Amino acid sequence: MTHPSVYPVTPEALQRTWLDNDAYLAMYQQSVEDPDGFWREHGQRLQWMRPYTQVRDTSFTLGNVHAHWFADGVLNASVNCLDRHLPEHANQVAYFWEGDSPDVQRTMTYRQLYEEVCRLANGMRQLGVGKGDRVTIYLPMIPEAAVAMLACARIGAVHSVVFAGFSPDALGSRIEDCGSKLVITADQGLRGARTTPLKDNTDLALGHLGKANPVEHVIVVKHVGQNIDEHAGRDIWYHDLLASQPGDCEPEPMNAEDPLFILYTSGSTGKPKGVLHTTGGYMVWAAMTHQYVFDYHPGDVYWCSADVGWVTGHSYIVYGPLANAATSVMFEGIPTYPSIKRIAQIIDKYRVNILYTAPTAIRALMAHGTAAVDGMDLSSLKVLGSVGEPINPEAWNWYHEQVGKSRCPIVDTWWQTETGGILITPLPGATALKPGSATRPFFSVRPAIVDNEGKMLDGACEGNLVLLGSWPGQMRTLFGDHERFEQTYFSTYPGMYFTGDGARRDEDGYYWLTGRVDDVLNVSGHRLGTAEIESCLVAHEAIAEAAVVGYPHDIKGQGIYVFVAPRVGVEPSEELTKAVREWVRRDISAIATPDLIQWTPGLPKTRSGKIMRRILRKIAANEHDSLGDITTLADPSVVEHLIEHRLNA
Ligand code: WTA
């Protein structure tokens, strides 16, 4: 069956929308021609304790990169998410929480959420945590995760959420890097009926840090009910701490540029980077994009299936929806448990109107034909969203037809941890859709495409995606390392923010993201640095050298292909391969587990000793015919050996 290449805005979407195409175009134009006037107006969507008079002071010039938005304004993010909704929305549901098992659920109204946040905030203050202190949150997808984030925001503490799938070492290095005083965790996590020992992992992480451990207290949510090793004086149960606290708490007045959170993400080199976001601009961006991109209207039920451990969870499960007084579904489990129909069941159960999920989830369902949706009632859906990686047209069409029943626009949203919120995206009632394209920029976003020399390309073209100016939601720095921030994002193409992504622009000015052009992998929508995995591999006693590349994978988008050279005297075996796989899984996380491990006597290197990843990528992708020039290699025969022993997925 052939599919159209363009889907015009539907009459239903147009009828419902906040913005039609003319409105989008007019607002976009104003947002780039007069950003000060534009944001002076739209910053007012928040409640300020002291209104801003300054709007924008930004520079992308190397050596002086900064972004200050609403700089003299004072506000509190938790007040914007909670207090200001109480007069009208106290009894409205903020979260329908759906547990891992379909029989377990909870609802939390805005009043309940407010009170619980206040109790935890008071408890944290009692433990000596205050403005500017860092708090690591290592929680599963339970309401307490949102409560913990908001409680930090309430007292001005800076949260660093670490995905609950990360290993003790990954957790420990993130705790150490930002010097957290407090960790908030749970006894265990639960996903697809499998448990993760979060508290044990925390103990291990802090134990490994030894003298470098900055943590004074660990708050533990009793979730699964497992016994824990209690460290007297350090550990405290969440329910015990909250029991004696009042349900009101004075919010900390925060400057717009005071930090709200740090979120670690993988880059092309070195250890994960602590991306820092501040309060005012981030909140404006999260709220405004959530409203317009998903065309959220009061009364809608909205479900973002991401994890709060990633930026999507920060902006589109917590801050954006709550700032808009939305009703959200929060889901603890996985799309395939207890059956492939789980997503459809949840949509039906809560009459979900807006679903925001990832291509990898769609492809996992699609692998079962139409079983995931057969006989299910999905008639409540109005808007569908996609995020995390390019969505291939087959998956787009399946999502559109099988989930959206050809009625619902799909917003393919491109953005990054660094950008704070969505930057390139369709708007449901404004944008004609092309499957596979993230389409057009959101307000004030000025994308451009440059060639490898940094020359800006015009019209329809393909190259590297850069951004020409600031927007309120952008990251401000890397925690504790402004120099690395400038080098990472602003030195490749001076004066521009380099995204690390490749993109094509078509004749209609639509953007098509083509994937990372650096050494960052995107596995099931999760970012992983090849350098991180390599440094873990070479720490194994059997391994002399390692190179990691991505290869096309039907469900995950990219799979992890590992080339390893054994140390002298080591004989590779199936057992050893298994052990290496387990080693990576334990050291980083299950997400980083290699799919394919190929042993090789050597790696292709230039004469100066640089590993030629370009060649390894081609071999992994089975594109041997286009290896390009290999004559610069120190030993070209390595390549033949690699091709001959190439592994098949
Ligand atoms: C990729 C996730 C194509 C991209 C919000 C980016 C996408 C990286 C899309 C950021 C999309 C995200 N189309 N690619 N709609 N959304 N990406 O920091 O490579 O986890 O640079 O943020 O994901 O991943 P991150």
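Keep in mind that glycine also has a Cβ here, set from the backbone N, Cα and C atoms.
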Note: TrEMBL has G388, E389, P390, D412, T413, W414, W415, Q416, T417, R516, R527 binding ATP, and from D451, D501, D554 that site also includes D501
Distance filter, Cβ under 6 Å of ligand 1; input binding-site residues T312, T413, R585; output T312, T413
Rounded Cα distance, in Å, between K610 (N6-acetyllysine) and V538 (Mg(2+) binding site) is 16
In three-state DSSP terms, I543 (Mg(2+) binding site) is classed as strand
Helix, strand and coil residue totals from DSSP for the domain 'AMP-binding enzyme C-terminal' (532-610) stand at 24 helix, 28 strand, 27 coil
If you tally other C-beta atoms within 10 angstroms for each of the binding-site residues T413, T417, the top scorer is T413
DSSP assigns the residues of the domain 'Acetyl-coenzyme A synthetase N-terminal' (24-81) as 26 helix, 11 strand, 21 coil
